[in-house]
Amino acid sequence: MSKTHLTEQKFSDFALHPLVLEALEKKGFQHCTPIQALALPLTLSGRDVAGQAQTGTGKTLAFLTSTFHYLLSHPAKQDRKINQPRALIMAPTRELAVQIHSDAEALSQSTGLKMGLAYGGDGYDKQLKVLESGVDILVGTTGRLIDYAKQNYIDLGAIQVVVLDEADRMYDLGFIKDIRWLFRRMPAVDQRLNMLFSATLSYRVRELAFEQMNNAEYVEVEPEQKTGHRIKEELFYPSNEEKMRLLQTLIEEEWPDRCIIFANTKHRCEDVWGHLAADGHRVGLLTGDVAQKKRLRILDDFTKGNLDILVATDVAARGLHIPLVTHVFNYDLPDDCEDYVHRIGRTGRAGESGHSISLACEEYALNLPAIETYTGHSIPVSKYNSDALLSDLPAPKRLARPRGGNGPRRNSAPRRGGAPRNNRKRSG
């Protein structure tokens with residue numbers, strides 16, 4: 001983590017519970033990010049916090065540190081039952097819930113507090129088995145949480161800490177009624193510590209904070225610019241016919257260590273995946289059609305470096321905490337201006353630099369003016385030589401769709417260390 005991303009404030013300066021401080025030190029966390037430096041003094045004194053911060057600013061560690069400290073510093077409800085968690089962390093997507101749970105593991109191991117995870121689409125019985133043994137902190141998505149609550153597998157009557165992550169995204173996905181349903185089953189707002197984090201503190205988010213929090217303090221960490229000053233942005237204007245060849249040429253020239261390629265539809269993502277897989281790249285595909293177990297496996301492989309490239313729809317544009325993404329390619333310019341910001345925000349995180357490359361083709365170039373108006377700046381344009389683009393590329397792989405599942409049967413062969421591409425040449 002770059003020191004330029006951190007403040008002079010140290011975790012050890014706070015009166016944190018010794019077990020929490022020990023866990024942070026073991027993970028190498030010494031100095032706070034701006035959102036941590038602003039939020040922790042409030043939460044450690046028992047004040048509710050509504051924080052505005054983009055992903056990659058350290059907000060997850062801010063609310064996890066606060067949650068673990070509070071539970072270790074305050075006794076559980078005396079007549080608490082085994083199906084009553086003490087803290088609830090709500091996330092808009094299963095990927096984000098899994099990531100939060102993973103980030104909390106180090107704190108859990110050092111403190112002895114038990115973690116639970118609840119998300120839809122997969123693992124119902126496995127998740128339930130953990131819950132039945134009793135958990136202190138439950139991370140989940142609203143649909144699965146409501147399912148378990150209605151069947152009395154969980155009871156929210158002993159909640160002492162509640163966190164709502166990416167509150168604006170909750171609204172976008174239509175989950176606000178679910179959130180209110182869950183809040184109604186918790187103790188009163190003044191009997192729990194409440195934290196809310198959002199990329200924007202819009203009127204509707206502030207309204208939710210007013211309803212469900214106890215005189216929350218608002219803290220805001222604005223990026224120096226919406227797209228991040230550490231991200232180098234670049235724009236090309238390819239024809240539809242040259243778009244794929246340009247992408248593959250740029251990948252060969254940049255040779256990114258870890259990159260995400262975004263397209264606007266699942267069919268376009270499948271097409272991009274097919275071309276890159278056929279060309280020998282280690283590439284994974286992440287769309288809404290990919291089964292949950294496979295989604296998690298692909299994300300794990302990408303995070304561990306077993307895959308170099310992830311092709312994704314906007315399902316992966318927000319909430320995923322994947323470190324060291326060096327490049328983001330917008331194969332399609334998004335229709336939503338905010339999606340552009342969230343896409344390229346996958347790189348240049350935690351003080352690192354990043355590179356964003358967008359292809360403004362004939363189909364989506366009309367989206368560019370709105371994006372540049374929203375970000376407040378023009379994206380630098382680069383030119384390319386059509387004669388220098390790669391040619392003689394192999395025919396794309398097609399997705400095998402076995403009975404009962406979708407998505408590729410396996411990821412492509414390793415990109416590095418494989419057979420040489422003797423038939424590769426540039427046109428012209």
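Cβ from N, Cα, C; glycine included.
Since we're looking at a predicted model, the values are computed, not measured.
Range with Swiss-Prot annotation motif 'Q motif', chosen from 9-37, 38-66, 96-124, 357-385, is 9-37. Swiss-Prot lists motif 'DEAD box' for one of the ranges 165-168, 253-256, 305-308, 333-336, namely 165-168. LYS59 (ATP binding site) carries a helical DSSP state (H, G or I). THR57 (ATP binding site) is surrounded by 22 other CB atoms, counting those within 10 A of its CB over all protein chains shown.
Around ALA53 (ATP binding site), the same-chain residues at least 6 positions away in sequence with a Cβ under 8 Å from its Cβ are ILE35, LYS59, PHE197, ALA199, GLU220, VAL221.
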